[in-house]
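All remarks here apply to the structure that follows.
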């Protein structure tokens, strides 16, 4: 029995979505939680009243994600894999939506190319292993753009369909505000290819922003949270390599393929989006390049350019690479292409082979970065390693202190709350106020040199993390000597040194 085309398309999209989920989920539980994920876990452990209090101080822009993560962790618990797996699922959903979007605007072959490339882009496989909201925002964005394409192609659309679309768009904005940058580019695309629908789109786009306005306004009021961003991080490498690709070799190949697709842009502009793949090309070009250009312009006045915040452009990048591969294949097979631009059946096998080789090349160039993302210290944190070492060697009643002189938000000290089972029974002197009392994520803690250790504690564990951990460890040891402590041993982990002191 012949399977209907619509069913085949649906099964293909689902299959590629499952594959993308697997690629992102593979070994995602290996690295320790890192600084931003500490915030996710600490938020997920809070009660609803505590979360409301938190949003009044910080991270309202991540509020929707924290609420969803709280529900998820209530069911599946808190571990690196459990917290990160929803992001892998979201990448799978985004991949399925991307296939359906590209297949609608182009051909199934291009859709498959784009989806496979999307699934292995380093920026995608990175956010697919993070307990943060970027992957969820990406999935919502892709499906909202797909829904928009369906709506603008219909001759008549019910008002309630536009309302539901507005709700979907607002959900994506509420999860990650930077989605607004992509929608500026998408609205420009609609103005170019479906100008008659622009008025309706603007009305319901405004409704989307209105629904998400509590998060948008709150995010603006809490803009000081990204005060650490500065323009010193903007460079050719951060824009052309780090943004989506991670490796200069992959970046070089990807940009070359994207330039191949760019050959088609002038023709697409002259035709106002008509013809095969032209509307898709214009959409992907604006979607990929518009947000980075806007952020670079804004950064002239207010620094906001952070490469990971632009992960929402990865589906468009994958589309452009796929179109570039298609253009290159057409050039190679030009002697076999008919006058109408179609590829005869005898050329389909070489087309599939060349397309597969191109995907394998992208995958081979992305593989070293993919494996690095899944190494134990991939995210620059050894908090779990420190917790496991302390849990194996410390005894109840002993004390532990952490040097927080540098970047306290990334300190293994947050493991006290994230990995509490390893610190059970230990004393934590020097705490002035807990993070719950302060309504944030960091405890207020005295410097090690000013911390008075309980006289009953005969053993003290000191944890010092890079940078300059050896020098700072010696300074702290010298200060603690005044309380009768002397070193009894030390153990070096990935980024930290754990010193055992006795008196």
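Backbone N, Cα and C atoms are what each Cβ position is placed from, and that goes for glycine too.
Whatever TrEMBL says is automated annotation, not expert-curated.
Taken together, the residues in the domain 'Glycosyltransferase RgtA/B/C/D-like' (65-217) have a mean pLDDT of 96 on the 0 to 100 scale. Residues or ranges marked as domain 'Glycosyltransferase RgtA/B/C/D-like' by TrEMBL: 65-217.
The transmembrane segment annotation in TrEMBL covers 81-102 (among others).
Taken from TrEMBL, the feature transmembrane segment applies to 108-126 (among others). Remote same-chain residues near the transmembrane segment (108-126) are listed as 9, 12, 16, 19-20, 23-24, 91, 94-95, 98-102, 243-247, 250, 277, 280, 307-308, 311, 314-315, 317-319, 321-323, 325-326, 351-352, 355, 358-359, 362-363, 366, 369-370, 373 (criterion: CB distance under 8 Å, separation of at least six residues from the stretch ends).
The transmembrane segment annotation in TrEMBL covers 133-152 (among others).
If you look up TrEMBL, you'll see 164-192 (among others) marked as transmembrane segment.
Taken from TrEMBL, the feature transmembrane segment applies to 204-229 (among others).
Residues or ranges marked as transmembrane segment by TrEMBL: 249-269 (among others).
The feature transmembrane segment is assigned by TrEMBL to 281-303 (among others). Counting residues 6+ beyond its ends, the transmembrane segment (281-303) has Cβ neighbours under 8 Å at 105, 145, 178, 181-182, 184-186, 188-189, 192-193, 229-231, 234, 239, 243, 258, 261-262, 264-265, 268-269, 273, 309-310, 312-313, 315-317, 319-320, 323 in the same chain.
Long-range neighbours of the transmembrane segment (309-332) within the same chain, counting only residues 6 or more positions beyond its ends whose Cβ lies under 8 Å from a Cβ of the stretch, are 94, 98, 101-102, 109-110, 113-115, 117-118, 121, 123-124, 126-127, 134, 137-138, 141-142, 176, 178-179, 181-182, 243-244, 254, 256-264, 277, 280-281, 283-289, 291-292, 295, 343, 351, 354-355, 358-359, 362. Residues or ranges marked as transmembrane segment by TrEMBL: 309-332 (among others).
Residues annotated as transmembrane segment in TrEMBL: 352-371 (among others). Outside the transmembrane segment (352-371), and at least 6 residues removed from its termini, the chain residues within Cβ reach (under 8 Å) are 109, 113, 116-117, 120-122, 125, 245-247, 249-250, 253-254, 257, 321, 325-326, 328-329, 332-333.
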